[in-house]
């Protein structure tokens, strides 16, 4: 505790809590309230209703939710496999080559997502790599944007695994793949779950690149929210944003439970 | 009969150390280092290291931090690649074999149990890695757990065990695949003193039960080495400074470093060695003439050190043979012993004695003597700082 005196502690809390509520709580509260609103002409909404939610699970919005969840799961899964593979492969590299390859992996996370979207659009609009207008280009964009985070998380996890465990496994006769399957990956599990969670959350919220490349048949939830708010359907957009937030939180909560269970062991 | 033969590299001793040790088991479990060097960039951490551990023996490597003892062990395990020389297990040259092909068991300081596996799964790991049949595993795992007294903990996870229990499981796990050699890398360092003593007894018992097991034991604790090992190697700066049978090395250290590291001996500078016979010699310590064993055959007239262990001193009258006197500098009571330091001719000398009702006071002049047969003349080690 940095502030020892009780009055000062109370004063600090008195400033911090309202500030937190205004910066974080107010926007979320407004979105949630708007999702239940029939009308909002005053300081508070009126004609509270569930009609936006019933519409959300019947219309194109539901397809957008499905597209987002599938994109998130597929791109995060692919990023997890590739990021883990890369982290394991680069683990024993000497300092200089590792630094160079690390840099290559992290470049997509440093480039604005709009630039990544534009780059993919240009790169995959001509044969033989004609992916423009397909679902693949969305999946690739999400994969490119999140794989750096997956790689970073797994690399950090690998650095924390006790080397002795793996070496003892080898001394006991475990060949590399057996050791990977029975020792390294189980020890890495909490970090893999964390990497997947972060990737999934990033993918669920990704708009910058997706809005440039999405095909008509694969509209993700952020794109749908953007389109709804753009044409003035604020309550519907707020409903979709709430569903997006809650859906992502539920998935992350489940993953967190898995991660905690793995970490306790 | 094979012998443990290691060339001493200090300039004063030309002859090799030879410690005979009758092989108790098949040669398949012998560990051999042949001029093994290990370098990291420009840094050489092991210099032409040569050592043989005969089947069924326990050899302890001791030395200060950075002496290369763990590097030597890890080279046998396959986790350090030598830049020169050969490593043999039995007759197999394992220098370039992967660790999983070396058929070794290894126990490390922090146990390294697999935290996601129960105790029985940990012990079964090596058997499964070798593709053992399930019925073999079901028979062998309880055997190994019983060997280390951990049968009742089979279903527990490592986090549910104490440090001593975890180390027992680590030993059972290492022994389960019936390795030819067992490598112990400071296995007791993480345990508290009381548990360490009991684990030391258990390791000694374990080796009595498994007399064919060849053990290379790395430790910085000389009491562990003296308790367990048949032979001890003392290392410094990546080199083997001394090697010999545990008692022989303790009683007749070949050089200053060995004498100081193993047992914290008093090394009094003496002059004018006068051999009396093949065993004994007279030397001068200031104005006093002392007798000691001339175990290393030091030449007439040479200067050297006389190595006296603190417990070899007895209070005496100044007129007794091998008697020296000095002024008491400190007296410490440690329950079962009194530690006394005194100044004798400008040298600080340590002695231990049984607890005394009236110990000497600081500043008092005391006379002590030692049995000539118990102390050894040691050549000055030119490389010692």
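Cβ atoms are placed via backbone N, Cα and C, with glycine included.
Distant neighbours of the transmembrane segment (A:12-36): 3, 44-45, 48-50, 52-53, 234-235, 238-239, 241-242, 245; these residues of the same chain sit at least 6 beyond its ends, with a Cβ under 8 Å from one of its Cβ atoms. The transmembrane segment annotation in TrEMBL covers A:12-36 (among others).
The domain 'ABC transmembrane type-1' feature in TrEMBL is assigned to A:65-256.
The annotation transmembrane segment is assigned in TrEMBL to A:67-88 (among others).
Counting residues 6+ beyond its ends, the transmembrane segment (A:100-123) has Cβ neighbours under 8 Å at 86, 90, 93, 129, 132, 137, 140-141, 144-145, 147-149, 151-152, 155, 206-213 in the same chain. Summarising the annotation, TrEMBL assigns transmembrane segment to A:100-123 (among others).
Listed by sequence, the residues of this chain that lie at least six past the ends of the transmembrane segment (A:129-151) yet keep a Cβ under 8 A from its Cβ atoms are 71-72, 74-76, 78-80, 82-84, 86-87, 105-109, 113, 116-117, 120-121, 123, 195-196, 198-199, 202-203, 206, 209-210, 213-215, 217-218, 220. Residues or ranges marked as transmembrane segment in TrEMBL: A:129-151 (among others).
Residues or ranges marked as transmembrane segment by TrEMBL: A:188-214 (among others). Outside the transmembrane segment (A:188-214), and at least 6 residues removed from its termini, the chain residues within Cβ reach (under 8 Å) are 68-69, 71-73, 75-77, 79-80, 83-84, 112-114, 116-118, 120-121, 132, 137-138, 141-142, 145-147, 149-150, 153-154, 156-158, 160-161, 220-223, 226, 244, 247-248, 251-252, 255-256, 258-260, 262-263.
Remote same-chain partners of the transmembrane segment (A:234-255), defined as residues 6 or more beyond its termini with a Cβ less than 8 Å from a stretch Cβ, comprise 28, 30-32, 34-35, 37-38, 40, 52-53, 55-56, 61, 64-65, 68-69, 72, 193, 196-197, 200-201, 204-205, 221-222, 224-225, 228. Summarising the annotation, TrEMBL assigns transmembrane segment to A:234-255 (among others).
Outside the transmembrane segment (A:67-88), and at least 6 residues removed from its termini, the chain residues within Cβ reach (under 8 Å) are 101, 105, 138-139, 142-143, 146-147, 149-155, 157-158, 180, 184, 188, 192, 195-196, 199-200, 203-204, 218-222, 244, 247, 251.
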